[in-house]
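Asks: When I checked TrEMBL for this same protein, it listed these features:
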| type | residues | note |
| --- | --- | --- |
| DOMAIN | 1-420 | domain 'Major facilitator superfamily (MFS) profile' |
| TRANSMEM | 21-38 | transmembrane segment |
| TRANSMEM | 50-71 | transmembrane segment |
| TRANSMEM | 78-96 | transmembrane segment |
| TRANSMEM | 102-124 | transmembrane segment |
| TRANSMEM | 136-159 | transmembrane segment |
| TRANSMEM | 263-285 | transmembrane segment |
| TRANSMEM | 292-314 | transmembrane segment |
| TRANSMEM | 326-354 | transmembrane segment |
| TRANSMEM | 392-412 | transmembrane segment |
Amino acid sequence: MSGAIIYVKRDLHITEVQQEIFVGCLSIVSIIGSLIGGPTSDSIGRKWTMGIGALIFQAGAVVMTFAPSFTILMLGRLITGVGIGFGFSISAVYIAELSPAAARGTLVSVSEIFVNIGILLGYISNYAFSGLPQHINWRIMLGVGILPAFFIGITFYMIPESPRWLVMQNRLEEARSVLVKVSGKDEDVEQRLKDIQEAACVNSGYKKESSYREILFPSPAVRRMLAAGCGIMVFQQITGIDATVYYSPTILKNAGIKSEKKILATTVGVGFTKTVFILIAIFLIDKVGRKVLLYVSTIGMTVCLAMLGMALALQKHLLESGMQEFGIGLAIFAVCGNVAFFSIGLGPICWVLSSEIFSLRLRAKASALGQVGARVSSSLVSMSFLSLSRAMSVAGVFFLFSAISAVAVVFVKVCVPETKGKTLEEIEMALRGGEKLDQADVESVKTEQETETIT
């Protein structure tokens, strides 16, 4: 969208306010998909909920590609937003519920690498098609999004359903069959199946069916889960990553780059940086842990966002003193640094935490609620960026993002537990026992809870 919006604005003669609404409405409408996606996945399964999301997204991309007016283009954008909400609300949950504890962080992060590859391909397609007539190029830029959704639909005939969802539906033999496929050791399968059954309803002491009431009026244990899982999703967005991605051409233009071709070429470099550093995160997340990467990420983002604000604030002074090239280089370095630090921690890890921190019975609905928080935050950032930039300058906006990122460092220290190497059931038991995961002996918590149940 960052490249396409340049030509949409010219071809359809939209105003700056319409531009903000068009870019930001995706996040708002995806809230609908997220709220519906959670309960839907509890009813029909994780797998087919993602399939519905892909189908809706594809329909929206088709509408945008052939839109004859801004009104129809907005309709397609809204449909696409609902599809994204469906898919994002449950994809990380599905991967986490299928993954072994030792590789769960890596496997959940794989979805983020493909999101970043998609962003990179989007930047490349923007650059490749920018030379076409402006009433055609933006349509092709948006239309290529149809292809991934088509291939996603095909894969749903090959992948299994979540074994944890199958247990909740009392389809134990099907769950055992899936666990055998992903584990391969019968003794491990039986123990994992027993742990999942206990987490689902046997030892938890709760009703089998979950409801939003348990989330809206949480117990202390659920409150701890919500604070960490939903809070990290909100911080992922309010630190301004969407502003950097969506409005990177605007940022680079303010930094002093005049050529649109050079601006689009630079955004390819930004997308490449995001992709490389998410690959690094995938290799590290199950080795060094979630919290270490989050500290590196939030501290690094704080510095880079402040550096970007400084480069933009001094742009006029650097131009007058003949140091414009230095200012442009500093701005590009800061943008790339920001997306790099985001991609090594806050980007992938928020999906990992939101998929593993909640109890089995509440996981789909609570993750969907976290998505709502993220989407609301994202829409506020993307829909207000141009207005804020006009009111307090582009540099001032990034100084604000830097301050928020500094607050995120404190949030990570206070609220986020370390979940590396623990099964989903062990995480749930520790949080229900009121322990900090990075300090508690999870097995002792488990033993104490089993003793209490017998008593």
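Backbone N, Cα and C atoms are what each Cβ position is placed from, and that goes for glycine too.
Quick caveat, the model's predicted, so the values are computed rather than measured.
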Asks: Taking contact to mean three or more C-beta pairs under 8 angstroms, with sequence separation of 6 or more, is the transmembrane segment (263-285) in contact with the transmembrane segment (102-124)?
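Replies: Checked: the transmembrane segment (263-285) vs the transmembrane segment (102-124), in contact.
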Asks: In terms of Cβ proximity under 8 Å, which residues at least six beyond the ends of the transmembrane segment (326-354) contact it?
Replies: 92, 96, 104-105, 108-109, 111-113, 116, 228-230, 232-233, 235-236, 239, 241, 244-245, 248, 251-252, 255-257, 266, 269-270, 273-278, 280-282, 284-285, 290, 293-301, 303-305, 307-308, 310-312, 314-315, 318-319, 366-367, 370-371, 374, 408, 416, 419
Asks: Below 8 angstroms Cβ to Cβ, which residues of this chain, lying six or more residues outside the transmembrane segment (78-96), approach it?
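Replies: Contacts of the transmembrane segment (78-96) (Cβ under 8 Å, skipping residues fewer than 6 from its ends): 25-38, 40-41, 46-47, 49-50, 52-61, 63-64, 104, 107-108, 110-111, 145, 149, 162, 351-352, 354-356, 363-364, 367-368, 371, 375, 424.
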